[in-house]
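Trainee: Take this structure first; my questions come after.
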Amino acid sequence: MRLSKIQPHQSGTLLLLLLSNLLMWENVASVPRCIMEDGGCQKVLNYIFNMTSTISENFNNLSSETLNDFDTEYDPHQKFQNRPTMTCHTSSRSVPNNKRKAERMRPVVLLNVTIRMLAAWKNLLHHVENNMADLDGTPYVIISKVKLIDRQIKKLTKNLQNIKTILSQVNPDLKKNEDYPAWSGEPYVQQSKRRVQLFGLHSLFFCLNNDAQKVSDFISILRDQIVPNQ
């Protein structure tokens, strides 16, 4: 779905007011439709996508660092890397496994898929802290990075929800709110044996890194589809 491109309104003051309000609002559903129709919609979407793209890149990079840090600390001989990982809890037929498939999806569908993927990592910090607190070595370094990742996931989710709310102003049939399932911790971290537990954590960080790459790709695709040539 592409929004029709409209020439920007001459009143820069109105747009600046809209942007400043956007930063304070928990929900942008109160943005007046008339503002959406004068070109401000495209500008606000572009503004949010700029922030979201930067966060998603950081999320992707930090997830990769966390996986590498964990393997360096707890799998120095790379035994885990030579084994198939556990099936990722976000694996689903509805989630495209490459960029080409994602590009063929309708933007509103891909947007929902991306939000669902992020929601599936909602309890990441809780599970990591509970399962790494008693490990030898320096788990606090990894936990500190997971705390940053947790904040990035929350920011990404909020931004994508705001984008969805704005799009619902243009397309009233688009659902504004949906229930997105959280993650129970299975299958990675509910293990008692240390070696199995470590492999489960390796699989967790592997899946997180894989999803972070997908989220970054999906956001890039959504930006090109929804605010092209901005």
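Glycine residues also receive a Cβ, built from the backbone N, Cα and C atoms like all the rest.
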Trainee: Pick from Cys41, Cys88: the cysteine that Swiss-Prot pairs with Cys207 in a disulfide bond.
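Mentor: So the cysteine that Swiss-Prot bonds to Cys207 would be Cys88.
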Trainee: Among 60-79, 80-99, where does Swiss-Prot put the label region 'Disordered'?
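Mentor: When 60-79, 80-99 are checked in Swiss-Prot, region 'Disordered' belongs to 80-99.
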Trainee: CB neighbours of Asn61 (N-linked glycosylation site) within 10 A?
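Mentor: The Cβ of Asn61 (N-linked glycosylation site) has 13 Cβ neighbours within 10 Å.
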Trainee: Between Asn50 (N-linked glycosylation site) and Asn112 (N-linked glycosylation site), what C-alpha distance do you get in Å?
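Mentor: So the alpha carbons of Asn50 (N-linked glycosylation site) and Asn112 (N-linked glycosylation site) sit roughly 19 Å from each other.
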Trainee: If one measures from the C-alpha of Cys207 (disulfide bond) to the C-alpha of Asn61 (N-linked glycosylation site), what distance in angstrom results, rounded to a whole number?
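Mentor: Roughly 14 Å, rounded to the nearest whole number.
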Trainee: Taking only the Cα atoms, work out how far Asn112 (N-linked glycosylation site) lies from Asn61 (N-linked glycosylation site), in Å, as a whole number.
Mentor: 23
Trainee: In which DSSP state, out of helix, strand and coil, do we find Cys88 (disulfide bond)?
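Mentor: The residue in question, Cys88 (disulfide bond), is coil (DSSP, three-state).
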